[in-house]
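Copied over from Swiss-Prot, here are the features:
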{"type": "BINDING", "residues": "G66, P67, E68, S69, S70, G71, K72, T73", "note": "ATP binding site"}
{"type": "REGION", "residues": "330-360", "note": "region 'Disordered'"}
Amino acid sequence: MAKDDKKKALDIALKKIEKDFGKGAVMRMGEKVDTQISTIPSGSLALDAALGVGGYPRGRIIEVYGPESSGKTTVALHAVAEVQKRGGTAAYIDAENAMDPAYAEALGVDIDSLILSQPNTGEEGLQIADTLIASGAIDILVVDSVAALVPRAEIDGDMGDSHVGLQARLMSQALRKLSGNISKTKTIAVFINQIREKVGVMFGNPETTPGGRALKFYSTIRLEVRRAEQIKQGSDVIGNRVKLKVVKNKVAPPFKVAEVDIMYGKGISQTGELIDMAADKDIIKKAGSWYSYGDDRIGQGRENAKQYLEEHPDVYEEVKEKVREAYGIDAKAIEERENPEKVKQDKEVPVNKDASDEKK
């Protein structure tokens, strides 16, 4: 077949595919408009830096897993709050029936506009998730948690009945269906998962996550959340130091670690992580126990430095901008990814001819 005939045959095939399956079903990579990864901030500056792209990528699956009470739900709720701040719509599939509206509100979540579902079975929860995602109206959907998505057969059966691999099959089937809609609608799907231990493992890591291997494969990002140490005020425990490890990342280099303070009743301490990140880049100087910014001493000890930044929002914003720049979490770069057309229009604003003539 001649080269021109091949080109014509390919064009006919492409047109037929578009007619049968809709525009965008197939395209040349050079024609694809959305070559940049569009993201939404995670609610933690340290985590945004660790993720490598400034936040959670749109149209992708994120798995957040870890031991009990490590801060998994807190991490997910911060992402929900960030989406809502930007005018987006969030949905929450509460399979554990453990949603605390007061705590979510303290983290900045708009409870009134949050779409909440508490399904009775795993099939029901995943069907609701698929319907919401397919609508194209949801920006972020959280499933809390995969371990609580119990198959109907297990709920209807008797205690002690064996249902080997039932939940894994359910997740595998659901993710095959969900992944396409998630990508098309640019929805961020966050699956919270628990940790289990394999019986009889002598060597290697005995820990695993429920729901089979499908979620591991389909996830663009896998976040491991673990408590590092307690945060105390005198003898009272007021929070936990938490490590967020990016175990898998398809959009940037993996294995980066972010450390954050999760305070009881308040969530991630954004001021605390800002001080740590600024100190690492010498934006805030640390000499002994004293913290200094510019020529000013801002506090003796980390807690006093945090208090200073909380009381001086102008200094806080100034330090934040410098930290974003130092770590490559540039707000302008994110805007270019989010609104490339708007940025292009701003760049193409015509110069006032009279003003330019006067300069000459």
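Yeah, the Cβs are placed from backbone N, Cα and C, and that goes for glycine too.
Features recorded in Swiss-Prot, as mapped to the structure shown.
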{"residue": "G66", "record": "ATP binding site", "Cβ neighbours (10 Å)": "24"}
{"residue": "P67", "record": "ATP binding site", "Cβ neighbours (10 Å)": "14"}
{"residue": "E68", "record": "ATP binding site", "Cβ neighbours (10 Å)": "8"}
{"residue": "S69", "record": "ATP binding site", "Cβ neighbours (10 Å)": "11"}
{"residue": "S70", "record": "ATP binding site", "Cβ neighbours (10 Å)": "23"}
{"residue": "G71", "record": "ATP binding site", "Cβ neighbours (10 Å)": "23"}
{"residue": "K72", "record": "ATP binding site", "Cβ neighbours (10 Å)": "23"}
{"residue": "T73", "record": "ATP binding site", "Cβ neighbours (10 Å)": "25"}
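DSSP gives S70 (ATP binding site) a coil state; it is part of no helix or strand. Sequence-ordered, the extra residues of this chain that approach the ATP site, with Cβ no more than 8 Å from the Cβ center of G66, P67, E68, S69, S70, G71, K72, T73, are V225, R227.
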